[in-house]
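Working notes, beginning with the structure itself.
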Amino acid sequence: MEYSLFCHHFYALSVSPVKKKLGLLFIMLLLWVYMLYSCVGYCATMPPGLVVDNNNNNRAKETAFLGKYAEAESGRPDLMMSKLLSRPQSAWTDVESDYDEPSVRRAPRDFSKDEGDVDRAEEWDDGRRVSSLSSFSNGSGNKKLPQAIIIGVKKGGTRALLEFLRVHPDIRAVGAEPHFFDRNYDNGLDWYRDLMPKTLEGQITMEKTPSYFVTREAPARIYALSRETKLIVVVRDPVTRAISDYTQTLSKKPDIPTFESLTFKNRTTGLIDTSWSAIQIGIYAKHLDNWLQFFPMSQILFVSGERLISDPAGELGRVQDFLGLKRIITDKHFYFNQTKGFPCLKKAEGSSKPHCLGKTKGRTHPNIDPEVVQRLRDFYRPFNMKFYQMTGHNFGWD
């Protein structure tokens with residue numbers, strides 16, 4: 001009798017409607033978690049060829065725009081486009097043709113799908129890792145051509161600026177330098193767009209290639225793509241920049257001539273060799289004049305490389321205003337690394353740990369004869385003054 005009563009109570013409890021509903025909900029939850037896990041794993045490993053491209057209409061519009069621009073400018077579209085598509089010719093001899101920065105040298109490769117490799121190439125102190133779930137959450141959106149480009153200058157602080165900007169939730173940027181408007185223009189717009197990360201509505205796509213600023217063909221090519229493009233140039237004391245440029249080359253080629261011998265055509269007369277790119281790049285007024293043939297000054301922002309070190313939040317505030325974004329990157333995002341001598345991020349993109357730029361940044365400069373430094377300052381002074389007048393800003397290099 002007692003055994004039967006116990007069974008009766010157990011049976012009544014097990015078939016309780018509440019218990020049955022809870023059991024079903026628990027089973028459904030397990031199935032949902034399993035499906036989500038499977039979907040994330042599948043999406044993370046899906047080859048690029050399986051991604052459907054819905055941007056054909058946009059690409060057709062861009063191609064049509066390029067054709068209209070060429071026809072309007074010259075009356076001969078075939079002639080104009082052939083000029084824009086021609087490979088740039090170097091205006092001076094450089095002892096080093098490559099940058100420390102990772103760059104795109106052959107097509108095609110989608111760098112937005114290989115963030116890990118890009119970050120390792122940047123040599124951050126701590127490697128960043130993007131989880132499968134993060135990749136899945138960032139999988140939405142479309143690849144767009146950049147609305148803003150950091151066009152210069154080499155050894156001015158462009159990598160630091162880009163990494164600082166990537167903290168902003170409304171900025172998405174490719175890590176490697178595409179070199180589209182100087183080295184890879186023949187690869188076409190589809191190739192260029194495929195390098196870009198996916199963005200959502202309201203987000204800005206960016207890239208940086210410092211050599212654009214000194215490439216004669218770059219302004220016309222960017223203008224032909226979009227005359228609304230916003231341009232950012234990080235400038236630095238041209239004498240310090242030249243020494244930094246030489247230091248980078250020296251780290252790769254220890255047997256190159258001394259800085260002094262490369263600086264002068266004739267040491268006795270003090271004639272500066274402007275054919276050397278380390279000197280040529282710092283004549284900012286000359287290069288800016290080329291850009292002003294296509295873009296108004298209101299579309300070009302000049303960032304001080306010196307203040308990017310002394311007051312990163314202040315310079316980032318100016319950049320965010322220029323891009324029409326809310327000032328989200330502030331003092332709380334930075335700390336000054338005494339060992340390296342420049343600011344670092346407390347939390348970089350995709351990480352919860354502090355990050356500084358790697359060993360290739362902040363190299364110790366060789367000792368240069370003070371007389372050589374002074375002669376260089378005298379050489380750059382008139383160009384600096386013209387640059388101050390053109391930009392309406394005194395950068396204090398003299």
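Here the Cβ of each residue, glycine as well, is placed from N, Cα and C on the backbone.
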Response to the item:
Matching 93-124, 125-156 to TrEMBL annotations, region 'Disordered' lands on 93-124
Worksheet item: What is the Cβ neighbour count of CYS356 (disulfide bond) at a 10 Å cut-off, with all protein chains included?
Response: 22
Worksheet item: Could you state the CA-to-CA distance between SER244 (3'-phosphoadenylyl sulfate binding site) and CYS356 (disulfide bond) to the nearest Å?
Response: 19
Worksheet item: What Cα-Cα separation, expressed in whole Å, is found between ARG159 (3'-phosphoadenylyl sulfate binding site) and CYS356 (disulfide bond)?
Response: 11
Practice prompt. Enumerate same-chain residues with a sequence separation of six or more from LYS155 (3'-phosphoadenylyl sulfate binding site) and a Cβ-Cβ distance below 8 A; give 'none' if the list is empty.
Written response: PRO210, ARG236, ARG241, SER244, ASP245, GLN248
